[in-house]
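Notes to accompany the following structure.
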Amino acid sequence: MKNIVLIGFMGTGKTSVGKLVAKKLGFDFVDVDEVIEKATGMEISEIFSKFGESRFRDIEEEMIKLITPKKRQVIATGGGVVLRDENMKRLKKDGVIFCLRASENVIFERLKQTTNRPLLQVENPEERIKELLQKRMPLYEKADFCIDTEGLTPEEVAEKIIKEYERLSNGKT
């Protein structure tokens, strides 16, 4: 069985939806950011502040190399995983990629209370969301399937993913 890989901007529901999908299918749930934190002994925000985004992306790429060969996993990636083509090639080789989407406004509303998002620790987080989304959207669109999460519960999004995955699998994954 191929892995189910969730990509998308922060605040689109990758972790909450991923846990539901994994539970319903009996797959393991893997949050790439959690794997990074466990491997480094540091929070993501600490890695960003001490070493910068580039070093974080190097670590992320290494963790993806370790994670992807295993089967029957739901993998929730960080929002910037798409910035490195090598990550997407690996994830696609061993998985079906689902992009979770939401509008800038919805993302801002979902994230405005959080303090653990290093890329949003700026003077104007709304503008930063818009800027990052514009840069990443063409990369997110390379997913096998895109699901708009606005107005849907995590359970409804999970059901859409499972339905599409099972249709696609049909004994092949």
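The backbone N, Cα and C atoms fix where each Cβ goes, and this holds for glycine too.
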Recorded substrate site member, picked from ARG136, ARG167, that accompanies ASP33, ARG57, GLY79 in Swiss-Prot: ARG136
Candidate with the highest Cβ count within 10 Å, taken from the binding-site residues SER16, ARG57, GLY79, ARG136: GLY79
Per DSSP, three-state class assigned to ASP33 (substrate binding site): helix
Binding-site residues compared (THR12, GLY13, ASP33) - highest count of Cβ atoms within 10 Å: THR12
